Amino acid sequence: MAIRKKSTKSPPVLSHEFVLQNHADIVSCVAMVFLLGLMFEITAKASIIFVTLQYNVTLPATEEQAAESASLYYYGIKDLATVFFYMLVAIIIHAIIQEYVLDKINRRMHFSKTKHSKFNESGQLSAFYLFSCIWGTFILISENYISDPTILWRAYPHNLMTFQMKFFYIAQLAYWFHAFPELYFQKTKKEDIPRQLVYIGLYLFHIAGAYLLNLNHLGLVLLVLHYFVEFLFHISRLFYFSDEKYQKGFSLWAVLFVLGRLLTLILSVLTVGFGLARAENQKLDFSAGNFNVLAVRIAVLASICITQAFMMWKFINFQLRRWREHSTFQAPTVKKKPTVTKGRSSRKGTENGVNGTVTSNGADSPRNRKEKSS
């Protein structure tokens, strides 16, 4: 009776590339579950929490405002569900940009692995920064932030937000939360993960802080300012990858980066240190959303100042590294010219030839060997 040998072949295992190519499809299916839930009465109440903004109130029309009533929003615990849904949307948009734009450019440019990852990072962030700058600027203009800067601290707490304002903050939180799973989807190197986690955490800390402390007016202005500077850096890096001679964008970014840090500090001190410090109501009231007390103001200013100092320290190190690399690349190789001197040293130099090379007149020539044997 023949004995069948057990197969030593291991069962097929899904490759990591296969998982990465299909993660957007899986996320799309999850998002479709919430959208399809709106079509049925049984699941509509649960799905609507994820898809639409919550905690809206309707204010009656006044003589100063338009004839129609205004619908405003405040925040609550249900916003976490909305942030989760739009985090899924951000993952889908990220995959679309990666597959249909960045991957096609990468195939044409034939980047190295290091440039490939940096190009993908700058491509994704430049698209997000540009979209956020345009959206945030539209809100600033529509709500007269530019014409009246005192709106940053006047009538605090700003616990009621317009639809555009609240949706902007929900989208910002969703995008930076989506950056955590993208570290796995994009196969980020282990040595780059700590750097990624630091700046993702800083974004979430400050955006969530402005949202929860009802400092959404100040947070919006600072985000638009910061995003504009960061967009210039990443778009300059994209041009640099296509042509390494391109350096003008980095020079302009360096100037605007320093100005951006100064404007951030000035607006923060002006709003928190002077505007809110002189407000009449300075009592801690969680129900009204009033956090205008000395301890909170100090904590807000300290976090902003420490973050700006950290960014300046990273910026100075970056500029010093670029300056060293540039000076090393531009330094010409100086060749030593042969010096003719008298005496024994000149004969040795002539025998060894130019730059130490042995010539036919050197010590190993047949004539010199004959003289030595005699």
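Note that Cβ sites are derived from N, Cα and C of the backbone, with glycine treated the same way.
Copied over from TrEMBL:
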| type | residues | note |
| --- | --- | --- |
| COMPBIAS | 334-347 | compositional bias 'Basic residues' |
| COMPBIAS | 352-363 | compositional bias 'Polar residues' |
| DOMAIN | 117-326 | domain 'TLC' |
| REGION | 331-374 | region 'Disordered' |
| TRANSMEM | 26-51 | transmembrane segment |
| TRANSMEM | 83-102 | transmembrane segment |
| TRANSMEM | 123-147 | transmembrane segment |
| TRANSMEM | 167-185 | transmembrane segment |
| TRANSMEM | 197-214 | transmembrane segment |
| TRANSMEM | 220-240 | transmembrane segment |
| TRANSMEM | 252-274 | transmembrane segment |
| TRANSMEM | 294-316 | transmembrane segment |
Distal contacts, the transmembrane segment (26-51) - CB-CB under 8 A, six or more residues away: 78, 81-82, 84-85, 88-89, 91-92, 95
The domain 'TLC' (117-326) [mean pLDDT, rounded to integer]: 92
